[in-house]
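Structure first, commentary second.
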Amino acid sequence: MADPQIITIPCLQDNYAFLLHDPSTGATACIDVPDAAPIQAALGAQGWTLTDILLTHHHWDHIDGVPALVEATGAKVWGAAADAHRLPPLDHALAEGDTIRIGALEGDVMDVSGHTVGHVAFHFPAATAVFTADSLMALGCGRLFEGTPAQMHGSLEKLKMLPPGTLVCSGHEYTASNARFALTIEPDNPDLIFRVERITAARAAGQPTVPSTLAEELATNPFLRADAPTVAAPLDMEGADPVDVFTRIRAQKDSF
C-alpha cells in the first residue's frame with residue numbers, strides 16, 4: 001500500500017494548512033483552512049479531491065476559508081464539540097479519544113487546550129504525523145489566550161508521549177522568532193545551536209521549517225523541557241515544579 005502523503009500549504013502571512021492524502025482510497029483531508037484559494041490550488045496541482053476538513057480551533061486565521069472550500073468541494077467538516085458554537089457548521093463533532101477516518105487512515109483526537117479552550121490535535125499514526133496547529137509549535141507553543149499554564153503544560157505532556165519520529169505539523173511559520181527566544185533559555189544546548197543554523201538557512205532559502213519532528217522538539221523546544229535542569233537553572237528554579245517552570249518560560253516569551 002502506498003504511504004500517506006502530507007503537503008504543507010502556506011496561507012495568509014504566516015499560517016500553514018495541510019493536506020493529508022490516502023492514496024489507497026483517494027480520500028484527502030485539509031487540516032485548518034486559513035484561506036481557500038491556496039488550498040484549492042494545491043488540490044488542483046495534485047489532482048486530489050477534498051473529502052474532509054479538520055478544524056483544530058476557532059481562531060479566524062484557521063477557519064476563515066471554510067465556507068468557500070465547503071462550497072467548492074462539498075467536504076465534510078470535523079471539529080471539537082466543545083467549540084462547535086464558535087466554529088463553522090460541523091458535520092462531525094469530536095471529543096478527546098474519538099477516532100476519525102480519512103479513507104483508510106485512522107486519526108486520534110487529542111484535547112490540547114491552552115492556546116484556546118477546546119483546541120484539538122489530530123494524530124494519524126499511519127502517517128507518522130500529528131497536526132497541532134497552535135498548541136505545540138516548532139520551538140514554541142501557542143500564546144495562552146484562554147487556557148491556563150497548567151492546561152497547556154498538560155497538553156504538551158500528552159504530545160510528548162507520541163513516537164519521537166512523529167511529524168509535528170504546526171500552524172505558523174514562527175520558528176525563527178521562537179529560535180531566538182529558545183537561545184535565551186538554553187544558549188549552550190548543542191542540539192538547539194545546530195537546529196537554529198538549519199532554520200536560518202531554510203528561511204534564507206524561502207523554505208518552510210514546518211513540519212518538524214517530535215524528537216527535534218524534545219531536544220530543543222524550551223516549552224517541552226521545563227523538567228530539564230539546564231532549563232530550570234538559568235531561571236533560578238532548580239527543583240521547581242515543571243508547571244511553574246513552564247509558566248515562567250511562557251511569561252518571558254510573552255514579553256520577548
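Note: Cβ is positioned from N, Cα and C throughout, glycine not excepted.
According to Swiss-Prot, the feature Zn(2+) 1 binding site maps to HIS57, HIS59, HIS115, ASP134, an assignment based on sequence analysis. If you take the C-beta of HIS115 (Zn(2+) 1 binding site) and look for same-chain residues 6 or more apart in sequence within under 8 angstroms, you find HIS57, ALA133, ASP134, SER135, CYS141, GLY142, ARG143, LEU144, PHE145, GLU146, GLY147, MET152.
The Zn(2+) 2 binding site annotation in Swiss-Prot covers ASP61, HIS62, ASP134, HIS172. Note on ASP134 (Zn(2+) 1 binding site): other Cβ atoms within 10 Å of its Cβ, all shown chains, come to 26.
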Site of maximum Cβ density within 10 Å, from binding-site residues HIS59, HIS172: HIS172
Number of Cβ atoms other than its own within 10 Å, given for HIS57 (Zn(2+) 1 binding site): 28
